[in-house]
Amino acid sequence: MAAKYIFVTGGVVSSLGKGITAASLGRLLKNRGLKVTIQKFDPYINVDPGTMSPYQHGEVFVTDDGAETDLDLGHYERFIDINLSQNSNITTGRVYSTVLKKERRGDYLGGTVQVIPHVTNEIKERVFRAGRETGADVVITEIGGTVGDIESLPFLEAIRQIKSDVGMENVLYLHCTLIPYLKAAGEMKSKPTQHSVKELRSLGIQPNVIVVRTERKVPQDMKDKIALFCDIKKEAVIEAWDADTLYQVPLDLQAQNLDQIVCDHLQLNCPEANMTEWKELVNRVSHLSEKVRIAIVGKYVELQDAYLSVAEALRHAGYHVDADIDIDWVYAEQVNDENVDELLNKADGILVPGGFGDRGIEGKITAIRYARENKVPFLGICLGMQLASVEFARTVLGLKGANSAELNPQTPYPIIDLLPEQKDVEDLGGTLRLGLYPCKLQEGTAARAAYGEEVVYERHRHRYEFNNEYREQMEKAGFVFSGTSPDGRLVEVIEVTDHPFFVASQFHPEFVSRPTRPQPLFREFVRNALAAQA
């Protein structure tokens, strides 16, 4: 059958949970037996978020094919349990870049290039391509930003046109809004929702479903009022309450028949979603009997979205061992030799995540040394793996001044150096070693035991790599290179002997973790952290 298209927009304010709503609907439709793909359009002019500050954007989520994308793609992958691609995150910058390249090639035959039709046609092509290349029954597209933003207008015009292109029975518009509660008046207010829908309708888009974000139950008379003023069916006003766990949201939406409303509108004849496994997950999450305290020593801890996938992967591992994860966010710049014990002695495990730049580096190295010397379970990711190598070289081998060439180009001992193919690269954007690469694991190591396989595939995002000139010297001192590229040239995983669990990877294992299938390194890290309590 031809693909069906669902467009998710947002109004009133940002951060309403459009991404979670879209991902939850995707899960419900998948569990009805439909093949679902999902994408996000971001209105900013950056080509991708790869060079944006985490303070501006949160984490950069990396797909199998190496796309640097919005963190909402992490929600999509975790909820729907699918692997997405570069076609799943499109920015204004990418659209305009493509249009300008076509203009330079002469593809427009000398015509005047305009927002309509050239930019909108390019946007529509990205929607249709997502369905074509995946063979999806349903394509869900989230439009970033808020209705009324000037940056979003070309995207909204494009999705308006798609209804004419494919027929109204093949398109559904879902609009997310806010119903605020005014504490002083003791009232909930629907007026912002009405005005948001009025703005959307002025652009030619009539929503079929309205999902209202709310702190408390919405009275039926208010839902009826929204339906009347926004010209939708009463049952198509759906509530999205604040939930104790994100994974409750699909069940809340199913309880209000959202997926059935969508299927009826799109004329999809499919069985009811079987959410038994999902209900078991939510029940498990709600009744965890243990508690594990993990210290994340990072550079951007003030904005926890910068490490969103790391935190989620820890929680997934916790679900597996029946443990609630209590995260201590430790600001790396504040860690030093004098206070490291005070900051970290309550942690059952210590994690140093990825990052770029030299701020907070010495604090991270101090935390790594503390974990190694005090036998605290440790997991390092990307930069965390590189700094674990530097710490070992400095402390155990006595190589004073050892460092990464990224952080100190004049270091006498460049334990971490540029990948050979990166030596002459000048552009920062899109030039890292990105995406899925194989890793061969050594027999008899913690990493091999965790995965239970010799060759695994993980996602990468780095420019620097372990310097093989120091490999033999560090191996003799008890440093284990437990994972490498299949040709043995690139170091992928390191470990330390005589330690309950000290493992660090050059790749980013957090990106492939799922709530029902925790990533192996995270699972073993949390399991060892729990065991350390005893």
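The backbone N, Cα and C atoms fix where each Cβ goes, and this holds for glycine too.
Source: prediction; values computed, not measured.
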Legend entry - Given Swiss-Prot lists Tyr55, Gly355, Leu383, Gly384, Met385, Gln386, Glu406 for L-glutamine, the same-site residue among Arg126, Arg293, Arg463, Arg471: Arg463
Inset, instruction - Name the residue, out of Asp70, Asp72, Asp81, that Swiss-Prot lists for the same ATP site as Ser15, Leu16, Gly17, Lys18, Gly19, Ile20, please. - result: Asp72
Legend entry - Entries of Ser14, Ser190, Lys191, Pro192, Thr193, Cys382 which, being recorded positions, have CA atoms within 10 angstroms of His508 (active site): Cys382
Inset, instruction - Quick one: give me the count of other CB atoms within 10 A of the CB of Ser190 (UTP binding site). - result: 21
Inset, instruction - Specify the nearest of the binding-site residues Asp72, Glu142, Ser190, Gln194, Lys225 to Glu510 (active site), where nearness means the distance between Cα atoms. - result: Asp72
Inset, instruction - Taking Cα atoms as reference points, rank the recorded positions Asp72, Glu142, Cys382 by distance from Lys225 (UTP binding site) and give the first. - result: Glu142
Legend entry - binding-site residues (Ser14, Gln194), the one with most neighbouring Cβ atoms at 10 Å: Gln194
